[in-house]
Every structure is written in structure tokens, then in C-alpha cells.
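Only one structure is covered here, and it is reproduced in the block below.
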Amino acid sequence: MDWGAIFNNAAGELISPTTAAYALAALGLAVHFGYTGLLNFGQAGFMALGAYGYAISILTFGFPVWGAFLVGVGASVIFALILGIPTLRLRADYLAIVTIAAAEIVRLLFTTNAFASVTGSANGLSGYKNEFAALNPLADGTYGFGPFENNAYDTWLGIVAWSIVILAALFVWQIMRSPWGRVIKGIREDEDAVRALGKNVYAYKMQSLILGGVLGTIAGMIFALPRAVVPSNYQTTLTFFIYAILLLGGAATVLGPIIGSMIFWVLLSFFSGFIARAVEAGWLPFMTVVQGSQLRFILVGVAIMLIVIFRPQGVFGNKKELAFVR
Amino acid sequence: MSVNTVPVLPTGPTGKPIKTTDLHVGEAEPGCKKRDPILVVDGVRRTFGGLTAVDVDHVEVPRGAITALIGPNGAGKTTLFNLLTGFDKPDAGKWTFDGRPIAGVPAYRVARFGQIRTFQLTKALGLLTVMDNMLLGAKGQSGENLFRALLPFLWRKQETDNQAKALDLLTRFKLDTKKNDYAASLSGGQRKLLEMARALMSDPTLVMLDEPMAGVNPALTQSLLDHILNLKAQGMTVLFVEHDMHMVRHIADWVIVMAEGKVVAEGDPHEVMKNPAVIDAYLGSHHDEDIGEDPAAEVEHVSAITELLDDER
């Protein structure tokens, strides 16, 4: 068995743009769920809006990269307003129901044949990478070393993606230690108490919903840049993976989502490489290669369960905080 | 008003708190005029389906005094509280706070006007530290704006000032040693104290306490009472809901009695207890007839009233 290749691939995931995209989406969810207590189950919808907003702006309207970026962000702000205006005055559970449904509506709208000329229907969209690649200041060739060796496009994308993640993490870290963040965390604990102290809870929840949604949208764009935009990528399972990453790292932390995303992708890549080769080598005689590729998700699930059972606050969560969880 | 000075409690020669008197104009009857009302309520009605929870024609809360709102369970006291603080919407009615009409104003704006409430079930923000709980109470923080939050130099000084003020209040409430603990680690009584201290961070003019003594052990009761008396000494007006009649008589300057959603009596705490309407409210006008009420609750009220009448002698 080629252990070297398995570990090589797994290590490569550590800093891949996809890992960055999941980290950013999980950071958005940390703002929603970890800090504000908003149960957003539609992060996949925000990501889809980012990916499609970017791709459609470039392919159909010929926008420059920054214009496409703004279209995606604008779409997610509008999406957050549509979700938030009717539901943020209600109990927390309603937001969960509405977001999970809205994310599915978004995905199905992108899948339906009615708009196939713009959205590419179930086949999705591709061929929108040139504009981003044209901004690449790096000369052709390979960069990095060992498992982190990439071509110029992937290196450029990686630099941009992780820079955005770092900036977003600093941004979230700063606002959460400010009085604004204190109000947000107060809302998570008891919004009536915060309202009684003269804070406009509704406006704060809306700001949080938009902020986390925009982070998810930018994550959607990063997620789309190494691959094609396919609607089936944005199913509710995507939201649940991001929740898994968030809980893995620690819900009300800034570093948690980032490290959680790295752990998640390294584990996923390791298990996928390991199982595929184990099946080939005949170690798992009861299993076909196709079945093996599904087994990795089961193993990742088991790994996450173990972490949640033995370290329920996540990697970076505060153990003291958890002692009081109702 | 400065929070740095702790006024000496106004107590008379017998050690009893000095009552504010001469608050009303004319007869002490339901809806009577006050010399200087801070809160004036007119025709407030709230129904839940077929049940009329609150139906108050007119009531005034005197400024600078401690007013108790009492009444049997289900009299509509907490509902009235929720209405007056913007946490619930009435079917009809108007009310003014400090001369400003605040009917239909959302709860957070009511609080900004200086009318701060606490809750019957204490709402300490468990996973925030005691200090963060306190700081949340401060008004007009520029760092609570999302964009200014990014630039700490804009709010650092205000934050330091608020921390000093919070620490001062915490010291008065004997919570200063707990300032870095999670509020969830406090006892029930300490949470009540924290909630009251937090309310004071905004320098309110009217403090509305919903059952401040519920679930507080007797040792802490006296200290809570002193804190409430202190609020008056600092020029604040207090309106509180309470079931403990001893406490009501001990600290209240004025008592408003509600029953079945209506104000049935008002007056000085010693006089009002003798009012037949109050005895009616607690015992029912036909208390010797079986009307299917919970007998245990009735016995409780009977004993409460007899206790009070005994006290009076």
C-alpha cells in the first residue's frame, strides 16, 4: 500500500482552497450560531448564491472579477434580508425552518430547466476562471514543496483564499471583543434581557445574519473557483458538513472553524485514499470501490462523533463555558 | 446622580425606613390623582382570547416613591408590566412616561427613555461574565455600532469609564469578587442582585422590578430590600410586583392592588390592607361558598391576610 501518496494527498488538503472555503463558511456560521444563537440551516444557500452570483455575472454579463464579487455579496445581503425580516422577530426555531427551506429553493431554482440558458441547469456552469486567472501576478510554473506543490493558478487561488480567511478571522475576532460583540453574545443568552437594556435586538440579529451570510457567500465563490458550479454541490449536506466543522473546532471561537475545516478535510482525504487502496489490495473483500468511496463519510462521521463525545466544546472551545450548557 | 456616593439609608428612629407620604390628591381610591406622577396609564386593555387579562381605566405612579403592585395570582400584574415596558401590545390604551406618550413604542426604546425593568424569572446572561453583564447595561455605547466596533480607539475610553462604574456598582452589590465569573455560576439570589445592578448601569429614572424577592433566601432578602430603598434615596422611582406582604408593608410608600385585570384599590400600605375590596380580591367576595377554586391557594391567601391583620395590631 502506498502510504506516502495517502499522507501526501491528506496533507495537501491542509491548505487547499476548498479547505479555506469551508473554513470561511464555518466562520460565517460561527457568527450566526456560535455568537448570536441564530440557527441558520441554509448556509449552503448563501454559498450557492456566491458561486452562481460570481459565475453568472462573468459568463452572462461579462462583469470584471470585482463586479462579480459585488453581485454575489449583494445577492446574499438581499437573501439575508428576505430571510430575516419575517423570521427574526419570531422564536429561534422559525429561522431554522425558513433557512433550510430557502436554501433548497435557491438550489432548485438553479437546477430547474426554466433558466437553463443562464444557470446551466443540472450541468451547472464552468469556464468563468479566466478572469480570475488573468489577475494572477505569478509566472507559470510550480510553487511550493512536497504535498503543497501546486501550479500557478492553484497557488494564486490559495493565496487569495487564505488571505480572505485570515482577514475575515481578524474581522470577526475584533468585532466579537467589542461592545457590539457583547450585545450579540447577550442576544444568544437571552434576547428579552438585552431588549430590556435598551438594545435594538432585531437590528443586531439582522446585522449578524447578513454578516455571516456574506462570509458564506464569499466562501461559495472560493469553493467555485477550483471546480465547476454544479447545483448538487449545494445540498443541505453541505450545511451539515459546515456545522460538523464548526462543532469540531468550537462554536463560539474564531480559530475553531478554520482548524476544524483543516481537520475535516485532512480526515476526509485520508480515509478516502486509505479505503480506495484497501479495497484494491483486497483488505475489504465485502466491498466494491464505489461502496468504499461512501465509507469515508461514515468514518469521518465516527471520527467527529468521537471528538464531540470526548471533547464536546470542540478543539478551541472553552471547557468552563460548557459546564453551564443547559 | 452619581453612583460613587452611597447614600445612608433613610431610616427613622426605630430603624424602619422612612416612608414618602402625601403622594396623592383627594381620596385614596382606584385611579386617584398623584401630586407628581411619573407614569400615567389610561384605558389599557389586553385580552387573550376570551380572557381579559388587563383592563385598567386610569392609574398613576408617583415619582420618587416606591410603589408596590400587588394582587392575587392571575390578577394581570405581570401582563401590565409587559404592556408598560413594550414587551406586549395592548388591545387598547395609552400611557405616558415622564409626560412622553410611549404606547406602541418598542421595548428597547422604552428602556432608553429611562424606564428599566427586571424579570420575574431572572434573566442573567449565563455565558457572559458578570462584568460583561454589567457593561451591557450601559447606555449610548459608541462601540455597539458594527463599524465603530472595528476601531477600538473610538470606544476604549468609554469602555474604561463603564468598567469603573460597573465595578463600583458591583462592589455595592457585593459581587465585585465575582466579576470575571460566568453569570451562570451565580446563585439565584446573586443573579437577582446582578440583574438589579445591571439595570442601574443605565441610570434609569423608573425601575420596574417584577417579583424581586421570588426565590431569594431570607438572608439575602434584607440586603435586597436595602438596595431597593437605596434606589429611592438616589432619586429613582420604583414600581415593583410582589407577593410577600411583609416586604410590601416594609418598604412601599404606595400600594396599587389589582384583581382580575382591574385596579381595585390604592393607598398607603397600612390602610390599603384594610380595604374591603382588597380582602375581596384575595379571598373572593363569596369565599365561604365552594366555587371550585384551588382550596390550597385560598388557604394560603387567608393565612397571608390574617398574618397582616395580626401584624397591624
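From the backbone N, Cα and C atoms, a Cβ is placed for every residue, glycine too.
What TrEMBL annotates here:
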- A:20-39: transmembrane segment (TRANSMEM)
- A:46-63: transmembrane segment (TRANSMEM)
- A:69-88: transmembrane segment (TRANSMEM)
- A:95-116: transmembrane segment (TRANSMEM)
- A:156-176: transmembrane segment (TRANSMEM)
- A:209-230: transmembrane segment (TRANSMEM)
- A:262-279: transmembrane segment (TRANSMEM)
- A:291-310: transmembrane segment (TRANSMEM)
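At the 8 Å Cβ threshold, with sequence separation of at least 6, the transmembrane segment (A:156-176) lacks contact with the transmembrane segment (A:95-116), having fewer than 3 such pairs. In summary, the transmembrane segment (A:209-230) does not lie against the transmembrane segment (A:262-279): fewer than three C-beta pairs, each 6 or more positions apart in sequence, are under 8 Å. Nonlocal intrachain contacts for the transmembrane segment (A:46-63), taken as residues 6+ away from its ends with a CB within less than 8 angstroms of a stretch CB, comprise 21, 25, 28, 69, 71-76, 79-80, 103, 106-107, 110, 118-119, 125, 127-128, 131, 213-214, 216-221, 223-224, 229, 231, 233-234, 238.
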